[in-house]
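Engineer: Just passing along the structure, written as C-alpha cells.
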Amino acid sequence: MAGNGNESTGGDFSFSAAAARDALPRITTEKGGKSPGPADVCQDDIAPRVNFQTIDELHSLQKKRSAPTTPLRDGSASGVSGTSGPTTPVSSETMLQSVSASLASLTRETGPKLIRGDPTSAAKVAHVPVTPTSLPAADVSDSGLKFTHILHNLSPAELYEQAIKFEKGSFVTSTGALATLSGAKTGRSPKDKRVVKDDTTEAELWWGKGSPNIEMDEKTFLVNRERAVDYLNSLDKVFVNDQYLNWDPENKIKVRIVSARAYHSLFMHNMCIRPTPEELENFGTPDFTIYNAGKFPCNRFTHYMTSSTSVDINLGRREMVILGTQYAGEMKKGLFGVMHYLMPKRKILSLHSGCNMGKDGDVALFFGLSGTGKTTLSTDHNRYLIGDDEHCWSEAGVSNIEGGCYAKCIDLARDKEPDIWNAIKFGTVLENVVFDEHTREVDYTDKSVTENTRAAYPIEYIPNSKIPCVGPHPKNVILLACDAFGVLPPISKLNLAQTMYHFISGYTALVAGTEEGVKEPRATFSACFGAAFIMLHPTKYAAMLAEKMQAQGATGWLVNTGWSGGSYGTGSRIKLAYTRKIIDAIHSGSLLNASYRKTDIFGLEIPNEVEGVPSEILEPINAWPDKMAYEDTLLKLAGLFKSNFETFTSHKIGDDGKLTEEILAAGPNF
C-alpha cells in the first residue's frame, strides 16, 4: 500500500502530522467498519496437570505469603466494602427470545424462561413472555419451571464485580487486572477435542494421521449438548456474550458465547470484537454458538469420550460444547478452528500469524509456534499492530480475526516487552498467575500453578494498535523457527517453493524439561504453523498462500530465533536485539538488495551482512567450534524434515503439478 493512504482496505486511514509514540505518526481512522513423535500435532498451549489434590491447595498456590506492608488493626484483615450488582438496562425482548432459542432443550423443544439481570438485584426486570398457559407436559423438568437470569454483554467493571463476589480465586492485582484460576486444566486438552463427522465434513475435513480432528457422531454431540444446556439452565444466572469475529466488515461472523463464569465472559469480551450499541441492538441470530459448561463434566462412558473433558464442534449445527474444562483458551482456539473452515469457503485464507504495518503501509505476517517470538516480534514500537495471533487474507488485504491479544506471561519483564507489561491493567484477565497476598503484585517468574500463565486484553491496550484491525496486502511473509539444534541461519531469503515447504512443515524445536534428565533438543512440526487448529488438509492452505503471495509479489523469509554456535546446552540463544535488527532490515527492504550465498543441504540463501548483526553468526557453521558436530547435527535435522514431509508427498498443491514438484525439491538435499 502506498504511503499516501489512497488505497482503502475495510476502513480508510491516514497518517496525521502529530507524532505518536517513538515518533511514529498516529493513524486516523474513519468510524466504521508423552513426548510426541514428529507425526503428532504440535500444541501451543498444552500444560501438564496442576500438582494439587484439593481446590484449597490450588488456591494456596496462587498467593505468595509475605509480611503486610500496612499493619492490620486487631490482627484482622482489612475488609472490602460491598459492591452493588450490575446494572440492568432495559431488556430487549428480541435478544431474550434469541438467547432462549439458543438454550432450548432439543428434547423438550422449548427454551428456558429468561430474565435479564442479576438474581441478587432487587430491581424489577422484564422477562421473556411465557407461551400460552397450558398444563405442564410430562417431559417438563423442574428447571423448566424456573427463571434463568441472563447477564448479557456486561461491562468489564460489572464482570469484575461478579467474579470477585462469586468466583473463588478471583482477585484484583496491583495494576488493576483480574487474576483468575482456570481450575485443574491450565492448558488446552487436544486429545479431548472432537469434531462431528457427517457426510459433508467426511469429504471436506482433514482426517487421519497428523490431523487434529478426532471424529464423533451427531448423536453423541447432541447428548453432550443437552448435558451442557441442562447444566446452564439449572443455574440461577448465565453470562451471554454477543460479539463478532473478523474485522473485515464484509466477512465478519456473529458469535454467541453462553457461559457460567464471569471470568469466561470477560475473557471473550476481550478476545472477540466488541459490538457497538447499535450493532448489539440489531445482532439477531448468531452464526455460531458456544455452550461453555466447563464446570460440569461430560459422561466419560458416553461413546467417543475418553475422560470427563470434552470439547465438541458441530460445523453443521454451527455449535460448540465445552464440558469438563474451565481453561478459557478452548473457546478462543475453538472459534479459530471454525474460521479455518468457514473462511476458505469464501476464498479467504485463515492464518495462525501475527501481523503489523509500517508507517508507509507495508504489512508483514509472522508465522511461528509457541516460543518462537511471534507475539514479541509483531508487537513493535515502530510499527502498527494489526494483530498478534489470528488473521485472514482476502482480496481486500489482511484483517485480524480477534479483538484482543492472548500473551504468555511467564518471565514477563517490563524492559523486554513493555507494551505487553503496560497492557496488564484494568480490564485485563490474568490466568493462573501467582501474586503477593498483600500487595497483589504479580510474580511472573513463579510457576507454582503452571508455566502457561496468560494475559488476555483488548488490542487497543497496545499503544500502536491499528483500529480497525485491517491492512493492505502483505509485502513480507516471515516464518519463525526456534531452532534448538543451532544449524539454521538467523536469516534466510526463501523462494516461493521454499516458503511453501517450510510453511507446510511448520518447524520449531523444543527442549525437554530438566525433570526428565534430557538435554537433547526435540524437533516439532506443526503444519501451517497451527496444525492443532486447522480443519482442511494443510496443502489446501498452502495452495491459497502460494496463490496470494504470487499475486501480490510477497517475499518469504525464514528467521531462526533459536541457538547459534552449537545446540542447546553448548551454543547460545541468538540475542533478541540481533533478531530485531534482522526484522528491521526485512521491513526496510534493505535485505532485498543484499548479496547472498547458498547453504549446503537446505539450500537456503543467507545474506553476507546485516547491519547490526555479527557476520560470524550469519553462516551457522562459522559459529560452531566443532565443525564435524555441526555437519552431523545438520544431517540429523535434515532427516527429520524429510521424514515429517513424507505425509504430504502424495498431495497435489495448486491447480497443476508443477508447484508440487518444486515444493518437494525445495526440501533438504542430501
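Heads up, the Cβ atoms here are built off N, Cα and C, so glycines get one too.
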Engineer: Pick the one from Arg414, Arg440, Arg454, Arg522 that Swiss-Prot also lists for the substrate site with Arg188, Tyr327, Lys333.
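Structural biologist: Checking Arg414, Arg440, Arg454, Arg522 against Swiss-Prot: the substrate site match is Arg454.
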Engineer: Have a look through His340, His352, His381 and flag the one Swiss-Prot assigns to the Mn(2+) site that Lys333, Asp389 belong to.
Structural biologist: His352
Engineer: Of Gly117, Gly397, Gly403, which does Swiss-Prot put in the Ca(2+) site with His269, Asn270?
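Structural biologist: Site partner of His269, Asn270 for Ca(2+), according to Swiss-Prot: Gly403.
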Engineer: Let's check the environment of Gly403 (Ca(2+) binding site): how many other CB atoms sit within 10 Å of its CB?
Structural biologist: 24
Engineer: When DSSP states are folded down to helix, strand and coil, where does Arg454 (substrate binding site) land?
Structural biologist: strand
Engineer: What are the sequence-distant neighbours of Asp389 (Mn(2+) binding site), meaning same chain, six or more residues apart, C-beta distance under 8 angstroms?
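Structural biologist: Within the chain, Asp389 (Mn(2+) binding site) has Cβ neighbours under 8 Å at His352, Ser353, Gly354, Lys374, Thr375, Glu402, Cys405, Tyr406.
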Engineer: Below 8 Å Cβ to Cβ and six or more residues apart, same chain only. Which residues does that give for Thr372 (ATP binding site)?
Structural biologist: Leu480, Ala481, Cys482, Thr508, Thr561
Engineer: Give the sequence-ordered list of residues that share a chain with Gly368 (ATP binding site), lie 6 or more positions from it, and have CB atoms under 8 Å from its CB.
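Structural biologist: Those within reach of Gly368 (ATP binding site), by Cβ under 8 Å and sequence separation of 6 or more, are Ser353, Gly354, Lys374, Leu479, Leu480, Ala481, Cys482, Thr508, Phe529, Thr561.
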Engineer: Cα within 10 Å of Lys333 (substrate binding site) is the criterion; apply it to the binding-site residues His269, Thr376, Ile574 and give the hits in sequence order.
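Structural biologist: Correct set: empty; none qualify.
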Engineer: Do any residues at least six apart in sequence from His269 (Ca(2+) binding site), in the same chain, have a Cβ closer than 8 Å to its Cβ, and if so which, in order?
Structural biologist: Asn153, Leu154, Pro156, Leu159, Asn241, Gln243
